[in-house]
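According to Swiss-Prot, the protein carries these features:
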| type | residues | note |
| --- | --- | --- |
| ACT_SITE | Ser25 | active site, schiff-base intermediate with substrate |
| MOD_RES | Ser25 | pyruvic acid (Ser) |
| BINDING | Thr57, Gly73, Ala74, Ala75 | substrate binding site |
| ACT_SITE | Tyr58 | active site, proton donor |
Amino acid sequence: MLRTMLTAKIHRATVTQADLHYVGSVTIDADLLAAADLLPGEQVTIVDINNGARLETYAIAGPAGSGIIGINGAAARLVQPGDLVIIIAYGLMDDAEARRHVPKVLFVDAANRIIGHGDDPAEPLPGDPSSLRGDIPVDIPVDIPVPTAAAAVRSAMATQ
């Protein structure tokens with residue numbers, strides 16, 4: 001059996017352009033592609049934080065260091081310049097590989113420069129008190145340190 005696993009996430013990127021008449025895809029700064037280990041042509045899911053739109057397309061490389069996140073083609077009707085998006089890639093893995101796999105998670109600033117990275121898909125944006133972990137209920141007080149989700153999974157796997 002193959003499992004579909006998160007391989008990369010670029011969190012809270014700012015859309016810099018949208019071109020309805022372009023053939024399709026999402027243009028991503030080549031430096032971000034490399035840091036996230038994404039290839040041109042690789043399938044990605046884009047989640048628009050502003051309006052909830054969710055779409056699938058493929059990545060193409062934009063100029064390195066430009067900060068470009070460009071939504072191309074029909075998706076430009078769903079995502080506008082200035083919107084915050086999460087760009088997600090998934091990969092198929094056999095069970096053993098999936099249990100060892102560590103995703104790449106990038107955090108970017110408003111200019112789409114990398115400000116942090118990690119391997120915990122539930123980690124909130126560093127230094128942003130309005131971002132919450134995705135794996136802790138918000139109505140239950142937590143007064144003990146919570147290990148990252150990735151570390152907890154690896155720890156659980158090591159004891160099996």
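Each Cβ is built from the backbone N, Cα and C atoms, and glycine gets one as well.
Overlay of Swiss-Prot annotations on the structure.
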residue : record                                               : CB count, 10 Å
Ser25   : active site, schiff-base intermediate with substrate : 19
Thr57   : substrate binding site                               : 18
Tyr58   : active site, proton donor                            : 15
Gly73   : substrate binding site                               : 16
Ala74   : substrate binding site                               : 12
Ala75   : substrate binding site                               : 21
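Taking Tyr58 (active site, proton donor) as the reference point, none of the binding-site residues Gly73, Ala74, Ala75 has a C-alpha atom within 10 Å of its C-alpha. Spanning the listed substrate site, residues Thr57, Gly73, Ala74, Ala75 have a farthest Cα to Cα distance of 10 Å. One way to see the shell of the substrate site is to take the Cβ centroid of Thr57, Gly73, Ala74, Ala75; the remaining same-chain residues with a Cβ within 8 Å of it are Gly24, Ser25, Val26, Leu55, Ile71, Asn72, Ala76, Leu78. Across the structure, the residue listed as 'active site, schiff-base intermediate with substrate' and Thr57 (substrate binding site) are spaced 5 Å apart at their Cα atoms. DSSP classifies Thr57 (substrate binding site) as strand under the three-state reduction.
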